Amino acid sequence: MAGGAAPAPAPGALLCVLLWAAAAAGGGPGGSPAPGAFGRVYRGAVNISAERVYAFAYSSESGQVDAVRVYVNSSSENLQYPVLFVVRQQKGVLSWQVPLIFRGLYQRTYNYQEVSRTLCPSEPTPETGPSDQIIFVDVSSMAPFNVAYELLVTRLENFQLETNKAFNFTASPSQPQYFLYKFPQDVDSVIIKVVSDAVYPCSVVSVQDIVCPVYDLDHNVEFNGVYQSMTKQAAITVQRKDFPGEQFFVVFVIKPEDYACGGSVPSSIHGNVNRTWNLQRMKNLQVTIVPSIKKSVYVQAMFFSFLSFLSFYLGSVVVAFVHYISTDMKLTVPFGSVSIAGSGIMTSSHPITASTPEGSSYGAIDESGSSGGHQLSSPERGPPAGSDTDSSVEEESDFDTMPEIESDKNVIRTKVFLYLSDLSRKDRRIVSKKYKIYFWNIITIAVFYALPVIQLVITYQTVVNVTGNQDICYYNFMCAHPLGVLSAFNNILSNVGHMLLGFLFLLIVLRRDILHRRAMEMKDVYTLDYGIPKHFGLFYAMGIALMMEGVLSACYHVCPNYSNFQFDTSFMYMIAGLCMLKLYQTRHPDINASAYSAYASFAVVICLAVLGVVFGKNDMWFWVIFSMIHVLASLALSTQIYYMGRFKIGKCSDLGIFRRAAMVLYTDCIQQCSRPMYMDRMVLLIVGNLVNWSFAIFGLVYRPRDFASYILGIFICNLLLYLAFYIIMKLRSSEKLLPIPLFCIVATAVVWAAALYFFFQTLSSWEETPAESREKNRQCILLGFFDDHDIWHFLSAAALFFSFLVLLTLDDDLDAVRRDKIPVF
């Protein structure tokens, strides 16, 4: 009757005391109790006028927790007249009915005729001596006819769990289990690890204080304590400070349905078919309680995190010092600025023009074709000293004052061979102010974005702590180390690298900016026509974006879930976009996108990412629309890049638009099919469009569930493609890679490869149910504190930092080269 769930009673350990005279062999009628013996099966029948009462007594030894389990069974299937079982103890009452009814979706019911429950044990008092415990079991029914039942009461042997010792048992919806655990003297925190070979049936693991009654049924297990749903594994970290009695119950409940764990959802049907009897849902479980890490490990982890990234500061100081010493010996300005001759007094002199091999520049080039670059004292050049703050120049003007036909941007930008002097003709002060808007705008965006995010995740963490529902947040519970109110402090600490390295990058950019300003103050107007134009607004924006990525990633990992995923990816989109804009701006300073249009584009991307997560799982229409937008956006951007922003098709209402589009198609694609007018740009754009169309087709066919990562992959692939094209064209133009940018390129490739390896080690997924996500949980792998995803945080921060340095130093070799000798690609 008891089945596999009933442990054998301890021989010789039972003491049954006769309190009243026996009225009948099967129990006392009319409320008169009959003596009961542990381990004996009692059979009987009850009706509206006859009930049975059994009395069980035993003696508990000093300091020992005794637990009793009651097994009952009834052959009756009459739900109108169930058999009622009431167990009375010294400090509580426990009752249930047979058939025991569980309710599921669509009013579906699951009825069980066999039930077993563990009675709440008496509170252990090690200070007191042995005491007698009495249990009364009342059996009754309102049925006008006899209803048969069976009763078995046993005393549990293995009720208390031990540290580092696995314990195996079986549970079902009508036969839940729970056990006691006491903290050892030298342990302040433990991890309860539960595993099962079977995915289903879905189960719940709960940790509850030593309070009666114990909530161990599907409909009430969430009323008290901390709980998780589970398929194959679960892990709950418990701290001694949360339990004043230094002990707790571990409760295991099997759910009647599996939909909460990602199983099939029962269909909505009517009639008696919607009622299920005695569904076999036994599950074998193994529980192991192991000590968690000590406080010293927290200290070591924090020291490791900060010292690892502070070493980047030390390295930067050493490089800057060595560079300063070497350049000071050469009597030059540090950080690759244009050399200034002089022995003690700074003098104004023209830089030495670096010679460029005749045939090594961008294609077959006629230097006379770039006449604009030779006009060193053009009227557009403003005074270099103290001009950045000139209030008379506040806004960029699209009007060119030079009367020469070669100065007209429509003519210059459509030449076959372009040089940097052709695309850096606007006033340096105006362009510099234009790019500073990127910096101020991203600070504004960061403040307005971060404040509600912080407020929201604090609310999430509070809800988790108050309700005990650990299904709200998708942690790696096998390696989630709490600190204070935070449930997974290690996932938050590992984001410190983004903030520290972002701040370091801002310091490096600031130093370059200051040195560049000093160099400008010491040079006359003619020296402005050398090297890549120095505009640092985008670099400042990139540094702020890296810091905010760390802040928002930490906020996301306070409680990672479906509702706040965009916190972790929003600034990643912006970082990738800003890097592409900076790379394009390097040799196209006059025609780069404005800050307003760039950030508006990022906002559209973030909106698409949110819509993709909401509608992208099963809705084919979303993928069709998104793929069309992706392809059309790629074509539109390709057109703007190919024609340097000078492609104009007029108003949509103008019917001549079709004729002009046909003429452009005929001129550039049919007449010049053998060789496009801008060959290198055409190669880049063809490859880029093929990559983006491939992404669109892949998304349309496979519809990946992780839409946020899918969008991020599109950005990263486009950035890597453009960076590879830039470096190849740079080498093709006989330009050099100095040691520092070469080291940064190699470091970027190595660190990104390592980072991506750990990124694809999926440890959780909010796209699945919490129970399914926990199947991916893994142990810590670094210092016993950090998991794979934490290492991804460390390495990705370093990789982004090196990537930024690549963009910052890539063209340092051109600082002494005239701009009319620097090709545009």
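Placed from the backbone N, Cα and C atoms, the Cβ positions cover glycine too.
Positions annotated as compositional bias 'Acidic residues' by TrEMBL: 391-400. The region 'Disordered' annotation in TrEMBL covers 354-400. If you look up TrEMBL, you'll see 1-27 marked as signal peptide. The annotation transmembrane segment is assigned in TrEMBL to 301-325, 438-458, 492-510, 538-559, 565-584, 596-615, 621-643, 682-701, 707-728, 740-760, 791-810.
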Could you pull out which residues elsewhere in the chain have a CB under 8 Å from any CB of the transmembrane segment (740-760), counting only those six or more residues past its ends?
319, 727, 788-789, 791-792, 795-796, 798-799, 802-803, 805-806, 809-810, 812
Could you give the residue numbers and ranges of same-chain residues that sit at least 6 residues beyond the transmembrane segment (621-643) on either side and whose C-beta is under 8 angstroms from one of its C-beta atoms?
413-414, 584, 608, 611-612, 615, 678, 681-682, 685, 688-689, 692-693, 695-697, 699-700, 703, 714
Are there residues at least six beyond either end of the transmembrane segment (791-810) with Cβ under 8 Å to its Cβ atoms? List them, or say none.
305, 308-309, 312, 336, 491, 494-495, 497-498, 500-502, 504-505, 508-509, 512, 539, 542-543, 546, 549-550, 553, 575, 579, 582-583, 586, 723, 726-727, 730, 737-738, 740-741, 744-745, 747-748, 751-752, 754-755, 758-759, 761, 781-782
Using a Cβ-Cβ cut-off of under 8 Å, list the residues of the same chain that are 6+ residues beyond the ends of the transmembrane segment (538-559) and lie near it.
435-436, 438-439, 441-443, 446, 449-450, 453-454, 457-458, 460-461, 464, 472-473, 486-488, 491-492, 495-499, 501-503, 505-506, 509, 565, 567-568, 570-572, 574-575, 578-579, 581-582, 585, 793, 797, 800-801, 804, 807-808
Is the number of Cβ-Cβ pairs under 8 Å between the transmembrane segment (707-728) and the transmembrane segment (438-458) three or more, considering only pairs separated by 6 or more positions?
no
For the transmembrane segment (301-325), which recorded stretch in the set 438-458, 492-510, 565-584, 596-615 gives the largest number of Cβ pairs separated by under 8 Å?
492-510
Kindly say whether the transmembrane segment (565-584) and the transmembrane segment (492-510) touch, using the definition of 3 or more Cβ pairs under 8 Å where each pair is 6 or more positions apart.
no
